[in-house]
Amino acid sequence: MIPQVSQEIIDLGDGRSISIETGKLAKQADGSVVVRLGNCMLLATAVSARTSNPGVDFLPLTVDYREKFAAAGRFPGGFFKREARPSDSEVLTMRLVDRVLRPLFPDDYHAETQVMIQLMSHDDNVMPDALAGLAASAALAVSDIPFYNLISEVRVARIDGKLVINPSRTELEKSDIDMMIGASLDSVAMVEGEMKEISEAEMIEAIKFAHEAIKVQIHAQQKLRAKLSSQEYRTYEGEVEDEAVYAKVKAAAYDKCYAIAQEASGKAERGEKFATVKEEAKALFTEEEYAENADLAGLVGKYFYKTNKEAVRNVILEKGIRLDGRKTTEIRPIWCETDYLPSVHGSSLFTRGETQALATVTLGTSREANQIDSPSEQGEEKFYLHYNFPPFSTGEAKPLRGTSRREVGHGNLAQRALKNMIPADCPYTIRVVSEVLESNGSSSMATVCAGTMALMDAGVQMVKPVSGIAMGLITDGEKFAVLSDILGDEDHLGDMDFKVTGTADGITACQMDIKIDGLRYDIMEQALAQARDGRLHILGKLTETIAAPRADVKAHAPKIITRTIPGNFIGALIGPGGKVIQELQKATGTTIVINEVDEQGVVEILGTDPEGIKTVLAKIDALTFKPQVGEAYEVKVIKMLDFGAVVEYTAAPGNEVLLHVSELAWERTENVADVVKMGDVFEVKYLGVDPKTKKEKVSKKALVPRPPREDKKE
């Protein structure tokens with residue numbers, strides 16, 4: 001059977017085009033497409049259950065993105081030679097797509113839904129993560145799954161002042177903006193990226209530019225759907241509703257929730273008070289009513305949440321009072337401390353309200369760099385950040401199941417916020433670890449602040465300190481309130497989570513998630529302006545604690561010295577089977593790493609003992625010392641022989657040469673000891689390699705004038 005293939009082409013306007021094709025692959029999925037740009041091909045599939053599982057009151061959506069090694073003509077690493085758990089880059093792409101899709105499904109759609117995106121063919125000039133959102137939305141578009149508000153995602157960069165959509169990796173290296181934008185036709189839903197200290201106006205310009213490109217891609221999806229014979233969305237059983245129950249719960253709970261929202265209480269106290277009101281709402285109904293109506297308990301819980309959310313939002317909109325009593329632009333109290341942990345290379349504590357992060361910095365050689373090996377990217381990171389969010393940080397006891405997607409995403413955001421402030425000539429590999437010890441909103445921004453101070457405490461010469469803030473939004477369509485430094489509850493009950501990091505001079509990273517349709521750009525501009533004021537306030541608190549990086553690393557932290565040697569000396573420094581370098585490391589207590597770069601050997605010496613480092617440098621100097629013919633060098637006698645003296649260059653201890661008896665003096669020398677003695681230091685002239693003996697020659701007499709010859713007596 002010949003497949004019925006439908007296709008749409010998207011012209012990118014720069015000689016490139018994206019094709020979206022359906023009808024050839026994975027036809028048993030509810031929807032499947034192949035998206036292609038150059039030789040990069042992504043297969044995206046969408047499948048959703050026909051019914052919801054009982055008791056499920058949320059959308060169980062799974063977005064999975066994988067890059068197949070075969071796509072790049074490579075074998076997977078490891079013993080089993082098979083793709084295993086997703087890499088961090090794959091997890092980050094999953095999150096980018098999920099965050100745009102999830103809020104645009106119908107609120108009452110609770111069927112198990114799975115969107116899978118696979119890189120099937122790789123192109124070195126195409127970054128596949130920028131096509132994943134388009135592929136996912138297109139797979140939903142050609143299905144009967146009720147996803148009415150199509151989306152797409154693009155990467156926007158600015159290269160030499162010009163904005164570019166979906167640049168290549170090579171082009172991106174020259175860019176000062178790297179942002180992923182996800183949007184529907186009407187509004188931007190997601191922003192994430194890093195920048196090199198750009199202004200708020202420049203960021204808005206880039207978002208608008210990307211949104212126009214996204215609209216073109218959404219129109220292409222609509223055209224593709226229109227070509228299909230079946231364009232009907234499936235019917236589904238939505239949530240059970242009962243207006244009478246809602247009215248009863250709201251009448252009993254709204255005023256109480258409204259009052260609690262104005263009391264400026266702490267997280268735990270406020271939670272207990274809301275829980276009491278919820279129990280009172282449950283008690284409005286008898287045991288017989290619960291027994292007769294299996295849905296009643298779930299309805300009461302749902303309607304209480306709805307009532308509570310409405311009350312809290314209205315207090316903010318009507319009175320400008322937040323749950324903890326702050327004004328909309330007010331930042332929570334901040335206290336900071338550096339050098340908290342005595343044995344680590346750098347540490348800091350950052351506490352803002354009920355959110356606390358403890359950051360540590362570890363310094364190492366290039367051997368400790370984070371290796372990246374995926375079908376679409378190979379390389380290493382010399383600066384990386386890990387974010388840990390244990391359950392006790394929110395007062396909970398939960399199973400520990402390894403690093404979560406959320407931890408990967410938050411760590412990546414904080415890493416991108418700081419990375420461009422690490423000097424390009426920093427010789428260290430740097431690992432920052434953030435332990436979130438308390439959390440009540442914007443722990444990732446606390447990580448940025450703690451990370452900045454820990455880096456400065458470690459003696460890393462940051463270009464500029466970085467701070468971060470999370471902004472929120474409450475709107476009813478007419479009135480709106482932009483909230484600075486949001487609480488966890490304000491994140492859950494609000495319409496936006498907008499994290500912004502930067503220096504005093506510009507934005508370094510951002511992450512925005514919009515939960516409503518049609519966010520106006522003027523609101524976004526106000527949020528960015530308000531975020532800047534908040535960032536600068538927080539930055540002032542950081543610099544009050546530590547005004548500048550330490551002049552040097554701490555005494556117990558390793559110091560690193562880098563020395564470049566000719567490539568042909570690498571083998572001599574390593575020695576047979578690594579003997580020379582291993583003995584040198586053991587004797588000096590150092591770590592020595594050698595990398596070959598452009599036919600040169602880049603030697604990194606890491607150690608806590610300055611004398612040990614000096615010994616290694618002296619050994620390198622000795623091994624690589626190469627005297628020039630005709631030049632004079634200072635030497636020291638280390639051995640006396642009948643036919644001369646063995647001397648070593650004082651500039652390269654261990655580098656020895658024979659000073660032959662015939663080169664000691666112009667006069668005939670019967671006894672070497674008559675001219676030089678053990679330990680004598682003097683200069684010799686380097687004569688080069690003797691063509692007969694193939695050994696190096698030096699001369700002491702060549703540096704003194706030759707005495708005139710005496711005429712023979714007749």
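A Cβ is built for glycine as well, from the same backbone N, Cα and C atoms used for every other residue.
Listed in sequence order, Ala470, Met471, Gly472, Ile486, Asp491, Gln511, Met512, Asp513 are the same-chain residues at least 6 apart in sequence whose CB falls under 8 Å from the CB of Asp497 (Mg(2+) binding site). Annotation note: Asp497 (Mg(2+) binding site) sits in a strand segment as assigned by DSSP. Taken from Swiss-Prot, the feature Mg(2+) binding site applies to Asp491, Asp497, supported by sequence analysis.
Among the features that Swiss-Prot reports, domain 'KH' is placed at 558-620. According to DSSP, the secondary structure content of the domain 'KH' (558-620) in residues is 32 helix, 23 strand, 8 coil.
Here Swiss-Prot flags 630-701 as domain 'S1 motif'.
Under the heading region 'Disordered', Swiss-Prot lists 694-714.
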| note | Asp491 (Mg(2+) binding site), DSSP three-state class -> helix
| Secondary structure tally of the domain 'S1 motif' (630-701) (DSSP, helix then strand then coil) | 7 helix, 34 strand, 31 coil
